[in-house]
Structure formats: structure tokens, C-alpha cells
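Here is what TrEMBL records for this protein:
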type     : residues : note
SIGNAL   : 1-28     : signal peptide
DOMAIN   : 44-185   : domain 'FAS1'
REGION   : 208-260  : region 'Disordered'
COMPBIAS : 226-236  : compositional bias 'Pro residues'
DOMAIN   : 269-412  : domain 'FAS1'
Amino acid sequence: MDRRIYGGSAVIPLFLFFFFLISSTASALPKNNTNPSSGSGQINSNSVLVALLDSRYTELAELVEKALLLQTLEDAVGLHNITIFAPRNEALERDLDPEFKRFLLEPGNLKSLQTLLMFHIIPHRVGSDQWPSEDSGRVKHPTLGNDQVHLSHGDGKKMVDSAEIIRPDDLTRPDGLIHGIERLLIPRSVQEDFNRRRSLQSISAVLPEGAPEVDPRTNRLKKPVAPKPAGSPPALPIQSAMAPGPSLAPAPAPGPGGKHHHFDGEAQVKDFIHTLLHYGGYNEMADILVNLTSLATEMGRLVSEGYVLTVLAPNDEAMAKLTTDQLSEPGAPEQIMYYHIIPEYQTEESMYNSVRRFGKVKFDTLRFPHKVAAKEADGSVKFGDGVRSAYLFDPDIFTDGRISVQGIDGVLFPQEEELVESVKIPVKKVVQPRRGKLLEVACSMLGAVGKETYLSKCR
């Protein structure tokens, strides 16, 4: 009996020893992260990003979605405890310059919109109680956009750069907080980009040499007598500057001289093709320009030499209606695209004003001598006639001062009678000589033989 008692008392301390050993080992192991926003690819419903999307700052939340920044902000919330400076809705609706807002929402300016929004986010938590005092002056803080904002305190107001904090600690969450500010913060890089686009400085470079003159009788270049003023348009018509044929390499246009291209046409053509792809619905058009033809290279050279172009871009739905026979002939894709390029700079507004004022307007195309007709229909611009017609569907997809891209909902083909009307065969007019004229010619012939008597009788 004593042996059982002593044996039982020996088992209990051994059990307690293993219990404490397991408990200490479990406490030493790293705990699983309970925050679903870090590393799991999901956002907690109590996250500051969810609070932003479901708050009174609806205009800012809409811009974040349009800038495709949700995934980027989700990753930032998973790594940092962030601070968001959210402008009030009135600052983005009524107080913002409409031209600047239009610039931000253009598809080609997506990077500028992303830079502006990331300028409003600090990758660490700065509450109102952590604001710098008046004595400390302005304190720099890096943003998610690799810029810096300055926090300051003066005259009883908390400031971030030049914007006042009107709602400090408006929304607080475990992974960040939101301060309401009175106005939008604009980084210098975005402001400079907007100024360049507005004044067209990046594409209106001063030409050091003027365009040469052309002799209209021989269609050859004259020797320059006096220097042309800077910025003169190319002297040759665009048909003379184009490549001899689709199968040959594009010929350099004899426009402004100099060994350097003063207009970066290749970059502008790449920019508008990327805009087409980003806009969506025009992948077939971009594929033909880049992969099936050499038109993108030729357009880049034309723009580099000072010419301007307007592209009527059929959407994917319209391109899908083309048959195999229409594309299988040699040079067919080039001829189709040539008919959709106008050697003028036209916007939706300028074309609509033209058709409203003049009724029916015919624009020259690069498929010389065919022209594309335009008229006003249903409050828009309609190109072509009959079944082969198309409406201006997506206006001003890309406009940079040299290239204008207008989306249409159909593929255009020239009318066959246009060529017949444009090429007129001259008809030789036969003049019947008068009887007296014939008699005079016969008398002169007789006089040449030397028969003076017949000549005197005739006279």
C-alpha cells in the first residue's frame, strides 16, 4: 500500500514536468499572423482602405478605382500603418480646374493620376497628437509616390503642404487613419506634365531650319533663296512624302532639314497605340498597324517631318466583320488603313462643326485620290454612305497636337465611282476648217510651185 502511494506521488511530478515543458515550447514558437491583410492577399473589413471606399470621400475613392490602385494600396496596408490625406468632395467636384480634371482622367495620363493619388498617402501613422509643434517648423514625410510632403502647425491650424486639415483623425483604424483636408495636393511632377500637355511644348519644338520650296512645274525642290521662318510646314504634299508602295520601306519625307528629328514621331505613334490598347476595344486596329503592316513606322516618320494625321480607328466589332477575301489580297490591309488616315489634324469638335456648317464635307485620305465623306447625323458625325458607313463612336481617344485618333463603329471603303469622277479623260476638240481657209492653203501651194497666173486669179 505504501508502495502504491509512493509510486503515485512520483507520477504526478513527472506529469507536471512534461506539461510545463510543452507550454514553454508553444509559447516560444512564433504566433500566426491574425491580420488577414498581411500576406494573405485579402483586406480586413476593419481596414483603413475599406473605410476610405465606404466614407464621405467618395470622389477620392472613385479616383483610386479609376487609377487601378486598389491592389497597390492593399499591399501597402499589409506592410505599413498608413496615413491618408483625403480631400473633401467639393474640392474635387467644384473647386478643381475642369481642364486639369479632364487631363487626369485621360487614358494616356494614368501614371500622372497614380502619382497624384500616392502623394496623399504616408507609409506610417501620423495622428493629430503626433503633429509637429509650431516651434519645430515644417517636418518632411515621404509618401508612397516617392515624393515628400511637409507637415506644419501654425496659427492654430494643422497643415499638410498648403492644405489645411479640416477633419483630423476623421477615420481611425488599426492599420491606419484618414485626415480630411480642404483641397487637393498636386505634386510638382504632375503639374509640370499638365503644363507641357496644355502648351504642347513637348511636340511644338522650334525648328532650326525651314522647309524647302517646291517648283510646281517640275515638283522638284528649289534651291533655298532665303531662310524660311522657324516652324514652317513641310513644302511637299503628304502624298509625295509617303512611301512608293506598301511593299517598300517608308521613304523619308523631305520636310524640315537637319540631321535630327525635331518631332519625335515614333514616340508619339507608340503613345497613341498604347492608348488604344489601354482604352480597350481597338486591339485589331493596333495589331494591323504594328504586326501586319509597316504603317506605324511610316506614320512615325511622317510626324517626325512635321505632318499631322487624323486616324479613324474602327473598333474590334467592326473589324470582325471583314471577310477573308477583303484581307487576303496583296496590300489589302495597307489600303484599308490608308483610307482611314486623314492628312489633317481634326478633333471631334472641329469635324462636327464642319459638317454642321457645310452639310457634307469630304476629307482627303492617304489612299490618294479617294476621299472620305462626312455629314451630320443623329447629333454625331457619320462617315461614308449607304451600307458602308460608320459613326463617330469614341471621340478624341488620343489628341496630342500632331496625331488625333477618333473611334468609329464601322470599316470604311471608298466608292468606286469616286475614282471615275476624279480621273477625267481629256477629249480632243476637232475644229472644222472653213471653206475660205482651204482655198487659201491651196492657192499658197500653187504659188510655191511658181504658177503666178493661178495665184493672181485667186487673189
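Every residue gets a Cβ built from N, Cα and C, even glycine.
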Q | Residue distribution over DSSP helix, strand and coil in the domain 'FAS1' (44-185) | A | 53 helix, 40 strand, 49 coil
Q) What mean pLDDT does the predicted model reach across the domain 'FAS1' (44-185)? A) 89
Q: Could you tell me how many residues in the domain 'FAS1' (269-412) are helical, how many are strand and how many are coil under DSSP?
A: 58 helix, 44 strand, 42 coil
